[in-house]
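Some notes on the structure that comes next.
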Amino acid sequence: MTDWLDALIQGVLLGGLYALFAAGLSLMFGVMRLVNLAHGDLIVLAAFAILTVASTFGLDPFAAVVLAIPILFVVGFVLQHVLLNRTLGRDLLPPLLVTFGLSIIIQNGLLQVFSADSQRLRAGAIETASIPLGGGIAVGVVPLLTLMSAIAVIVFLNFIFYRTPVGRAFRATSDDLEVAQLMGVDVNRIFAVAMGLAFVVIAIAALYLGLRANFDPTIGPARLLYAFEAVIIGGLGSFWGTLAGGIVLGVAQTIGARIDPEWQILAGHLAFLVVLAVRPRGLFPRAQD
Amino acid sequence: MHLLETNKLTAFYGDFQALYGIDMLLDNGETIAIIGANGAGKSTFLKSVAGLIRGAADSVLLDGTPIGARPAADIVKLGIALVPEGRRLFPSLTVEENLLIGGYGRKAAGPWTLDRVYSLFPILRERRSSAPSTLSGGQQQMVAIGRALMSNPRVLLCDEISLGLAPIVIADIYAALPQIKVEGSSVVLVEQDIVKAMKVADRVYCFQEGRLSLAGPPRDLTREQIHRAYFGS
Ligand SMILES: Nc1ncnc2c1ncn2[C@@H]1O[C@H](COP(=O)(O)OP(=O)(O)OP(=O)(O)O)[C@@H](O)[C@H]1O
Ligand SMILES: [Mg+2]
């Protein structure tokens, strides 16, 4: 019994990580209908960026991410403005091709610069610290921080989207690109801001990716898959749905692993397929459209 | 110098030419109406002025400044707002958010604020938190007009604001026009209802297959002239 409860709790915490992977993807799709095949690789790239900042300045990863965030915002803004905006239009294929190419470029670029060795973000004692909950169950501090950060990110994104003028512009642009321009919205700029924001989320996701496990330049595509699954389980268009999707995926994986360690990944994919079969539009689809 | 002027304005959709050299004038405080059959190019004309379709810089002049090549997001900041055909409210924004985004790019202060729009269309204040899809057609049209006003336009372009509405609702909406003019907007109306157009406009322009077929003050135009300009032959 304790075993299962423990699996459930660990699964929920793991779901926080998947929600962080998914939130950025959901943001990009929500605002600019961009399916970003390089999302996983961008998270890995950000993890290397944090690693580099941390080792160059001798910083804790938590401090390094604070430094990396403004840099990554600018990188995202520029990437969207000079490259991705040119690919968006009626045709869905160009952005897919370009982000697929980007994925390959990032992987190979990272291999060149950092080699295929696996890396880890080192944060000292906090990495192994845990809080006993009684009954033989304990939660790791880092997994707990992951989930809390996911919740904080979602609260923050909801605030931006529903309480600020730029958030209104995001939603209006996503509703009707042409009429948004009639309102004075510079669509290229608003997309670039959205991508900058997505990169901030990517930076936070990368922090926990690197704190919780080893990473190397090739693990991006698998993270992309988890992010996709979480977004689709949750239902497009709601950040809280993304958290729910991440948790469903995380719980399925840890329960699966408890049954048989080899089933961890498979159980996650199965949960995804079941949700897709039962609720094709996800758990929390958007009311409109 | 005129407030708004178009010079041999042309417009294309790909290879298809929708407008052939339209010359139009609008002075401060005026209301002009554009009439014409379906497909004559009325909406295309408004979209060209609003910057959704871009052309030669000097094909559209605002206060004598060429703006024909500027993008829509700039045009609204220069003082030209469009109430698009079919209203096109943002479905995922509330009524109030639809109004607020109308003021997104506005630079200068002006008469139009949320409160001023709500006093023009009081029903919208009650429905401020509703989704636009839950509003009646007339209320949606009020939101579309209010949204355009929020940019404090000097030129308000209205594309068939009476389309699909009951006569009593149309009367309500047209009753707002004098107040809009008092606040300093000049108005370009595209209107299917010729009688309505003749009543409110200082000048009427009739389009036929992308060309200007008639222009003048309503009192100078005869029924026959209009009939011919509208339908051809
Ligand atoms: N997006 C488009 N792509 C191609 N052709 C278009 C497009 N929009 C309009 N047209 C064509 O341009 C011409 C003018 O259309 P426009 O919509 O300006 O007419 P209109 O006078 O506003 O008609 P209505 O009274 O039906 O609104 C028509 O022949 C129409 O088929
Ligand atoms: Mg039209």
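In case you wondered, yes, glycine gets a Cβ from its N, Cα and C as well.
Curation does not apply to TrEMBL; its annotations are automatic.
Features as listed in TrEMBL:
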TRANSMEM  A:12-35  transmembrane segment
TRANSMEM  A:42-59  transmembrane segment
TRANSMEM  A:65-84  transmembrane segment
TRANSMEM  A:96-116  transmembrane segment
TRANSMEM  A:136-161  transmembrane segment
TRANSMEM  A:190-211  transmembrane segment
TRANSMEM  A:231-251  transmembrane segment
Which stretch, A:12-35, A:42-59, A:136-161, A:190-211, A:231-251, tops the Cβ pairs under 8 Å count with the transmembrane segment (A:65-84)?
A:190-211
With CB pairs under 8 Å as the measure, which of the listed stretches A:12-35, A:96-116, A:190-211 comes out on top against the transmembrane segment (A:42-59)?
A:190-211
Dominant neighbour of the transmembrane segment (A:231-251) in A:12-35, A:96-116, A:136-161, A:190-211, by Cβ pairs under 8 Å:
A:12-35
